[in-house]
Amino acid sequence: MLRGSLTALVTPFEKSGRFDEKAFRAFVEWQLGEGTTGLVPVGTTGESPTLSHDEHRHVVKVCIEVANGRAPVVAGAGSNNTAEAVGLVQYAEKAGADAALVVTPYYNKPTQRGLYEHFAAVARATKLPIIIYNIPPRSVIDMMPETMGRLAHDFKNIVGVKDATGKVERVSEQRMTCGKDFIQLSGEDASALGFNAHGGVGCISVTSNVAPRLCAEFQEATLSGDSVKALELQDRLLPLHKAIFLEPGVSGAKYALSKLGKVENVLRSPLVTVEESTAAKIDAAMKHAGLIN
């Protein structure tokens, strides 16, 4: 069962721009020690668009090795090319991932029927559980609850969604079309409280890269019904949720992690490091959360 605080892992790079495997192994180990309940490598936060296919596969392999069964690994395996997505999912299955995260095809804007056919092809090609990643702001298309419901009913291995629509009511709508056992995970940290209140069971989080223990405690509080603690942690984390997204992409999270000494503040072009004004706001949010002095 995928539940709680799953981290959308950053991919550390050396100053030369190469994948920093040593830092990544240590980072995954730290995440597990801090209470993270699931690991999601090579998604958007892992800078998958700028990884080669060989690098993509290597990051997945390393993550699975380090996890060693201690937490589920949900391997990013999305593409706007159906055949390519199938290949990535099949590799994830061969490597020993526990599930695959498959994003809705971006840029080429398929219809709802096209979305159905894309995910149907992926589902037929693997036995891995598949989590649909619905993120309209980046993909420019939105999988409707009815389409998701058809997929969930037609394919037993389409088991859940990472929902980054920003519409918390979708949880209820998707429960009606997909069934009460369909796994619904928030794709937005700031609204995860409301998402879980509607029946969600966790979050694939960016902030948990930086504050894994707090995010894990927050998810546990929401899912156990401890509203007092959940609100306390929400207020503690909200400035950080907002600050690390003041600039697009993973730039904010990598800056914050560099402050903690976990990774180098290195991104691959076209992403760039945050502006000084943004860095100051992230610093303030980290202090508010109690992560730095």
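All positions are counted from 1 along the displayed chain.
Note: Cβ is positioned from N, Cα and C throughout, glycine not excepted.
Model, not experiment: these values are computed from the prediction.
Non-local contacts of TYR133 (active site, proton donor/acceptor) by the CB criterion (under 8 A, 6+ apart in sequence, same chain) comprise GLY43, GLY78, LEU101, VAL102, VAL103, THR104, VAL161, LYS162, ALA164, GLY187. Annotation note: TYR133 (active site, proton donor/acceptor) sits in a strand segment as assigned by DSSP. Taken from Swiss-Prot, the feature active site, proton donor/acceptor applies to TYR133.
Feature annotation from Swiss-Prot assigns active site, schiff-base intermediate with substrate to LYS162. Cβ neighbours within 10 Å of LYS162 (active site, schiff-base intermediate with substrate), excluding its own Cβ and spanning all shown chains: 27.
Under the DSSP three-state reduction, THR45 (pyruvate binding site) is assigned to coil, being neither helix nor strand. The pyruvate binding site feature in Swiss-Prot is assigned to THR45, ILE204; the stated evidence is sequence analysis.
Its own atom aside, the Cβ of THR44 (site 'Part of a proton relay during catalysis') has 21 Cβ atoms within 10 angstroms in the protein chains shown. Residues or ranges marked as site 'Part of a proton relay during catalysis' by Swiss-Prot: THR44 (among others).
Packing around TYR107 (site 'Part of a proton relay during catalysis') is summarised by its Cβ count: 9 other Cβ atoms lie within 10 angstroms of its Cβ, all protein chains included. Summarising the annotation, Swiss-Prot assigns site 'Part of a proton relay during catalysis' to TYR107 (among others) and lists sequence analysis as the type of evidence.
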Just counting, how many other CB atoms are there within 10 A of the CB of ILE204 (pyruvate binding site)?
27
Near THR45 (pyruvate binding site), which residues of its own chain have a C-beta under 8 A away, given they sit six or more steps off in sequence?
ALA8, LEU9, VAL10, VAL206, ASN209, VAL250, ALA253
I'm trying to understand the geometry here, so how far is the Cα atom of TYR107 (site 'Part of a proton relay during catalysis') from the Cα atom of ILE204 (pyruvate binding site), in Å to the nearest whole number?
23
